[in-house]
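Here is what Swiss-Prot records for this protein:
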ACT_SITE  Tyr159  active site, proton donor/acceptor
ACT_SITE  His212  active site, proton donor/acceptor
BINDING   Asn37, His122, Glu262, Arg283, His312, Asp316, Glu339  substrate binding site
BINDING   Asp210, Glu236, Glu262  Mg(2+) binding site
SITE      Ala314  site 'Important for activity and substrate specificity'
Amino acid sequence: MKITGARVIVTCPDRNFVTLKIETDEGLTGIGDATLNGRELAVASYLTDHVIPCLIGRDAHRIEDIWNYLYRGAYWRRGPVTMSAIAAVDTALWDIKAKAAGLPLYQLLGGRSRDGVMVYGHANGRDIEETTDEVARYIEMGYRAIRAQTGVPGLASTYGVSSDKMYYEPADAALPTENIWSTEKYLDHVPKLFDRLRDRFGFDHHLLHDVHHRLTPIEAGRLGKSLEPYRLFWMEDATPAENQEAFRLIRQHTVTPLAVGEVFNTIWDAKDLIQNQLIDYIRATVVHAGGISHLRRIADLAALYQVRTGCHGATDLSPVCMGAALHFDIWVPNFGVQEYMRHTEATDAVFPHAYSFASGYMTPGDVPGHGVEIDEKLAAKYPYKPCSLPVNRLEDGTLWHW
């Protein structure tokens, strides 16, 4: 089965998405997500100018060979743009292969390892009580795992907190907005949130928290220690992961489980953290870590060290990514949890999908392929809109991690 054509579709139904569609001489098509928040056009250009010309005429079934051709042949390996482009090709080819077999994608990976995929939602509020009420709402919707973020007194804005509780989108302007950050105020306030949540809801539900790379290792150790009484499912992105030895210092100070990896692109980004057992959950994604083919390698390595998966699944990844991730999740033996932020109605209309949510779990559906398509006519009604992620400054004006 030969690849006869491929094209990039950029659309913005409430936020920007980049989709690669591959066509074959047997009439089968497949799609893959290539969205890189705030850098969408860089990936679109990479695909159009450098990848698609190399795909035409190749055997669509030779997924592994094509993956290595795009990775090894480029010489300039790794990086979010390259790996997001490769991921789009990989996901589209797995979609085609599963459609050709007449099977849902997870069957080609090895079949189900579980009946459903536990997902966590995002509860947030301007203050602790508002966040607490949002957690209650997620519990009413059936969620068993909930990420909790709250506004911090004295800060005009805080990561993960939005006026629209269900559809959080931080990329809010053509040029980056500048936010003010205070580590001291944050460290003082966050334990109070989880004290309130456990006091109201007890320990029947999993609670998670995203630090979003904002702490130094010793500050992260302090936060993890202060959160131990509340038995979090995980503390996410406690410190920038470029310095992987930092997680050793955090480990020495707390038993709060650690999760990291949404910005990772290859197994090499995760190898030392996994092999040294410095993390408990690896959050690499289908889109930014080279597709299902490469994510399997990361998960296989993690399984050797009892590290579980917790794939990133925010709304800056399209339903195409979510569909593929759920097929991966329902198969992967060392599954932990899947992030699930609901897309808007406009996005779901552009990307009709087979996956569904019920009682805290999701299933990918059983249609052939990964179960997500794109309505190109509808997508064309939502042109690209320049949007950038914010930046942070400390109260004295120093640029800080966002």
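For all residues, glycine too, the Cβ spot is worked out from N, Cα and C.
On the structure: features taken from Swiss-Prot.
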{"residue": "His122", "record": "substrate binding site", "DSSP (3 states)": "strand"}
{"residue": "Tyr159", "record": "active site, proton donor/acceptor", "DSSP (3 states)": "coil"}
{"residue": "Asp210", "record": "Mg(2+) binding site", "DSSP (3 states)": "strand"}
{"residue": "Glu262", "record": "substrate binding site", "DSSP (3 states)": "coil"}
{"residue": "Arg283", "record": "substrate binding site", "DSSP (3 states)": "coil"}
{"residue": "His312", "record": "substrate binding site", "DSSP (3 states)": "coil"}
{"residue": "Glu339", "record": "substrate binding site", "DSSP (3 states)": "strand"}
Request  = Output, ordered by sequence, the same-chain residues six or more apart from His312 (substrate binding site) with a CB under 8 Å from its CB, or 'none'.
outcome  = Gly261, Glu262, Arg283, Ala284, Thr285, His288, Glu339
Message = Taking DSSP as the reference, which of helix, strand or coil describes Glu236 (Mg(2+) binding site)?
response = strand
Cα-to-Cα gap, Glu236 (Mg(2+) binding site) vs Asn37 (substrate binding site), nearest whole Å = 19
Ask   = Out of Asp210, Glu262, Asp316, Glu339, which of the binding-site residues is least crowded by other Cβ atoms within 10 Å?
value = Asp210
Query = Looking only at DSSP and grouping its letters into three states, which state does Asn37 (substrate binding site) belong to?
reply = coil
Ask   = Which number gives the other C-beta atoms within 10 angstroms of the C-beta of Asn37 (substrate binding site), all protein chains shown included?
value = 20
